[in-house]
Amino acid sequence: MKTSLFKSLYFQVLTAIAIGILLGHYYPELGAQMKPLGDAFVKLIKMIIAPVIFCTVVTGIAGMESMKAVGRTGAVALLYFEIVSTIALIIGLIIVNVVQPGAGMNVDPATLDAQAVAVYAAQAKEQGIIAFLMDVIPGSVIGAFASGNILQVLLFAVLFGFALHRLGSKGQLIFNVIESFSQVIFGIINMIMRLAPIGAFGAMAFTIGKYGVGSLVQLGQLIICFYITCILFVVVVLGTIARVTGFSIFKFIRYIREELLIVLGTSSSESALPRMLDKMEKLGCRKSVVGLVIPTGYSFNLDGTSIYLTMAAVFIAQATNSHMDIFHQITLLVVLLLSSKGVAGVTGSGFIVLAATISAVGHLPVAGLALILGIDRFMSEARALTNLVGNGVATVVVAKWVKELDHQKLDDVLNNRAPDGKTHEISSYSRHLCP
């Protein structure tokens with residue numbers, strides 16, 4: 001029993017995070033030097049994301065009986081994303097107004113270091129609906145894979161899957177090759193995941209070593225408020241959605257606990273994307289649904305980031321005594337409904353969108369971003385964890401709505417009545433290429 005515990009990724013990552021925190025706290029200079037370990041692990045994951053998405057989406061779509069089902073899945077997913085992310089934005093707005101973590105700070109924006117946020121403000125200017133939509137279309141297929149742009153790869157994979165489906169039996173050979181390639185890719189993922197404890201250790205040691213636990217104290221009220229809000233959102237909102245769908249949010253969290261720990265260590269929900277694709281299929285969701293919902297959710301369904309954006313914006317207003325009446329807050333909400341949809345699931349992207357939102361609203365001092373620049377890294381863990389759980393729940397919900405969910409398998413896996421294989425298995429749904 002003890003041997004199996006020590007060998008489990010869950011235990012190894014948890015131990016690595018604890019050691020990283022201790023190293024960063026007692027030997028901050030050494031801890032800060034551990035950054036390459038975390039960066040290397042995240043880069044290895046990013047290396048594999050594009051081919052994973054391509055294989056999963058292509059085999060999922062090409063193996064479907066009807067192309068109408070793909071369109072229905074996409075429409076249902078986008079509707080769900082819009083509803084739930086809007087709820088997340090509103091909850092963040094309500095709680096930050098009730099708790100008022102920035103009240104009484106009386107910060108003069110003129111005294112803040114505007115240069116510290118100049119880089120984020122410059123990147124924020126490039127954000128926009130048209131620019132975002134145009135960026136979804138890759139300049140070249142190779143460029144999409146080389147840059148690792150999730151939405152660009154997803155677009156090409158969807159088109160490729162449609163075209164392969166139309167070939168019918170003539171495309172069987174191509175389908176089999178991609179299916180076999182998918183198995184190889186997931187084999188690589190299993191190898192990379194053995195390095196997860198090292199990556200989590202390096203990232204956590206760097207965070208504590210560079211920023212220090214002391215930086216949490218001054219703005220601790222905002223951090224605590226944000227973490228509690230994320231927990232409430234997961235337990236109450238996502239928990240209610242899960243219960244209505246027919247499963248327990250707590251059992252689901254236990255099922256993806258290893259992925260959550262990887263995200264906790266790296267502060268990026270993207271680091272768990274490949275494993276989530278595999279695990280959601282093993283949970284009973286059809287491969288075509290998983291392939292569409294998970295990658296798309298990384299830009300359109302980031303619940304934790306949505307909560308963070310409203311809370312951070314209003315916090316800056318409270319701290320700098322910038323009055324925000326109901327009209328200003330509704331305007332903020334509307335702007336965030338648009339700007340938050342272009343967020344990628346990588347560390348730092350939420351801060352860039354926050355800068356874009358504050359610039360667009362015009363009522364808040366952009367220099368106020370300097371207030372939370374130092375603690376943004378500590379809040380990114382809660383953002384990433386909430387994003388991951390939110391996308392997992394979304395996949396199950398959408399799969400049920402479009403009737404592509406194996407309820408018995410879902411119940412068996414979450415209740416440990418069926419063994420969860422260690423290696424990736426190609427879904428039986430994708431074994432039938434329609435003529």
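In case you wondered, yes, glycine gets a Cβ from its N, Cα and C as well.
Sequence annotations record features per position, and here Swiss-Prot assigns transmembrane segment to 4-24, 44-64, 76-96, 142-162, 184-204, 222-242, 289-309, 326-346, 352-372.
Under 8 Å from some Cβ of the transmembrane segment (184-204) lie the Cβ atoms of residues 9, 12-13, 15-17, 19-21, 23-24, 34-42, 44-45, 48, 51-52, 55, 261-262, 264-267, 271, 274-275, 278, 422-424, all in the same chain and six or more residues away from its ends.
The stretches the transmembrane segment (76-96) and the transmembrane segment (352-372) do not meet in space: the count of Cβ pairs below 8 angstroms, excluding pairs fewer than 6 apart in sequence, stays at fewer than three. Sequence-distant contacts of the transmembrane segment (222-242), counting only residues of its own chain at least 6 positions beyond either end whose CB sits under 8 Å from a CB of the stretch, comprise 84, 87-88, 91-92, 95-96, 99, 101-102, 216, 248-250, 252-253, 303-304, 307-308, 311-312, 315, 372, 375, 378-379, 382-383, 385-386, 389-390, 393, 396-397.
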